[in-house]
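Below: one structure, written as structure tokens.
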Amino acid sequence: MHLVDTHVHINFDVFAADLDQLQHRWRQAGVVQLVHSCVKPQEFDQIQSLADRFPELFFAVGLHPLDAEDWQDNTAGQILAYAKADDRVVAIGEMGLDFFKADNRDHQIEVFRAQLAIARELNKPVIIHCRDAAQTMRQVLTDFQAESGPVAGVMHCWGGTPEETQWFLDLGFYISFSGTVTFKKAEGIQASAQMVPPDRLLVETDCPFLAPVPQRGKRNEPAFVRHVAEAIAALRHVPLETLAQQTTTNARNLFKLPVPA
């Protein structure tokens, strides 16, 4: 059984002491490929070094909405240059909108649209962070696609209702679920995980955050994506192997990941 963890942050300091053991555990859990997200372009060299160390690691480059104030006149050029510099860059992101306690919504939208344009130019998918912003996100994506054409991508660590989920499915996006789908009170997320079409479903950890049950409260890590897959398989009443195969195929289709030899 093979799994792809489509969203990790193993460059964070919390992993520095045991990266080799981390790899051993994710391989034991069946994880054969990972997509490393990027919070800001300055992380690029560090993430690239991790991909040199771990051949199953692919990565993105972009600016997180919580860091939107760091956007400078040269940031778009940096992202473009980094994305062109390495074939292992499979996406632009993570980008998006985070309106939880935000007082810079208009600026976040500007930065988000700028990164959508980069992805469109490079024909790469986007990794989207959306928190407390689903309606605005829907409008921004709808407007951008009407103006510039379709952009592929994934709504990562998805926490929306089934109605909101359908909005982004209709826009052509994949939906990725994290450890939150295992939480007892996450009925809305669980309902969304049940209704996503099989060919648009992805799994992730978003490690080191949001460890799934039964590891909740611990540092999250890529091996725990198996718990996410098990929970979604149970919700959808399908064998784990079926869900693993489908989500792995989906990840490779979206991110154009090679099939390991």
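Every residue gets a Cβ built from N, Cα and C, even glycine.
Cross-referencing Glu69, Glu94, Glu187 with the divalent metal cation 2 binding residues that Swiss-Prot gives (His129, His156) picks out Glu94.
Take the binding-site residues His7, His9, His129, His156: by the count of other Cβ atoms within 10 Å of each Cβ, the lowest one is His9. The Cβ of Asp206 (divalent metal cation 1 binding site) has 25 neighbouring Cβ atoms from other residues within 10 Å, across all protein chains displayed.
Between the C-alpha atoms of His156 (divalent metal cation 2 binding site) and His9 (divalent metal cation 1 binding site), the distance comes to 13 Å. Mapped onto three states, the DSSP output places His129 (divalent metal cation 2 binding site) in strand.
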